[in-house]
Structures are given as C-alpha cells and as structure tokens.
Amino acid sequence: MTQDEMKKAAGWAALKYVEKGSIVGVGTGSTVNHFIDALGTIKDEIKGAVSSSIASTAKLEALGIRVYDCNDVSELDIYVDGADEINPERDMIKGGGAALTREKIVAAIAKKFVCIVDGTKAVDVLGNFPLPVEVIPMARSYVARELVKLGGDPVYREGVITDNGNVILDVYNMKITHPKDLESKINGIAGVVTVGLFAHRGADVVITGTPQGAKIEE
C-alpha cells in the first residue's frame, strides 16, 4: 500500500463520525482531500461544511458541498484534519500547508477533533518536523530572535503568504517535550498569530492509515 493509499484509507474511515444533517469542520492537506472526496459521496445527507482554507473551500464547493462562514456557526460536532506529526498524547504539529491559524479556529469550535494521518506521522516526541509559526510581517525578525531564545532555528518560508496575509517561520531543531508550555510561550510573543502546536486542543480520535487499512484510536 502506498503512502497515498494509506492517507485515503484514513480519510474515508473518518466518514463514520459524520452525523446526518450536520455541518462538518474540514481541515486542509493531502489526507483531508481524500476525506473531502468521501464527504462528496454523502453530500445530500449533511448540511454543509466549515472550511479551514481557501483550497479546501474550493474543493468542497466543486463537489457541491455548501461552505458556511465560521462566524455563522457556534459549534461543530466534528472537525476532521490531518497532522504533520502526532505523539502518543495526541498533541500535534500542524501547518505544513500554512493553514494553521484557520485550522486552530475551526478546531476550537468543534466538540470532537478527528485526526487522520498515515503511519509516517506518528512520533514519540514532536519536533523532527519543523514547527510552523504564523507571524504578522512587520514582526518577522523580532519573532525569529525570540524563537532562537527558546532554542529553535527559525527559517523564513520564502514566497508563502497565508490566507490571512501573514508569513510563516518554520522552526527547526526543537525537541518538544512539553508541548502545552511551548505553545503558550510562542503564542505569547508579540506579532505571533499562532503556532502550529495543537496541544491545548489536541485530537480526540486518531485514524491512522496502515498497510492493513485504517486503525482507529478513540
């Protein structure tokens, strides 16, 4: 089974958590694209979706799924999204696709976060994947200096502007043993919009695509 086939297995398995008549929170990325395809097969059974990115919105609308503004929805039953890394405590690094802030907002209004990944994303300690930080452009240099003080090596992600008009710093060489503490510290730096650590709001369900199919941990 290829990596993409494992992603597909995880994405389609998440359909079991979609309630009839509900509005579904939808993340961003290659694994989520498989979930969106799956969602398209039951589009007449759901009310619609709240999307975490312009890219996911376009894909949802192309399949005829109504996309609601996050401001018009007070609560979601589920939010389905991938991760760049996930540890045994279900803390995650997200933001490889630069949609981390909107992902964090949609996750915040969801009762249940269903994380869909392939087996390569599971780690014991977060930090091998560079940690994305969304930053207001004028604060980029200042935030980078502060991230160095926290032990990281920040690199400006050239040519990338987020859906919110901001820039991304990818922080390398961080062994993240206390994800909640680090999330709070980085979010406290002036000019940071958010960090791609999802520890205060981790996953509730993890669906992992494996060569044997989807493995579900609740």
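Each Cβ is built from the backbone N, Cα and C atoms, and glycine gets one as well.
The active site, proton acceptor annotation in Swiss-Prot covers Glu103. Cβ neighbours within 10 Å of Glu103 (active site, proton acceptor), excluding its own Cβ and spanning all shown chains: 31. Under the DSSP three-state reduction, Glu103 (active site, proton acceptor) is assigned to helix.
The substrate binding site annotation in Swiss-Prot covers Thr28, Gly29, Ser30, Thr31, Asp81, Gly82, Ala83, Asp84, Lys94, Gly95, Gly96, Gly97, Lys121. Cβ contacts within 10 Å of Lys121 (substrate binding site), excluding its own Cβ and spanning all protein chains shown: 22.
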Query raised in the report: Neighbourhood of the substrate site (Thr28, Gly29, Ser30, Thr31, Asp81, Gly82, Ala83, Asp84, Lys94, Gly95, Gly96, Gly97, Lys121): other residues with Cβ within 8 Å of the Cβ centroid, in order?
Result: Gly27, Val32
Report task. State the Cα to Cα distance, in Å, between Ser30 (substrate binding site) and Glu103 (active site, proton acceptor), rounded to an integer. Result -> 14
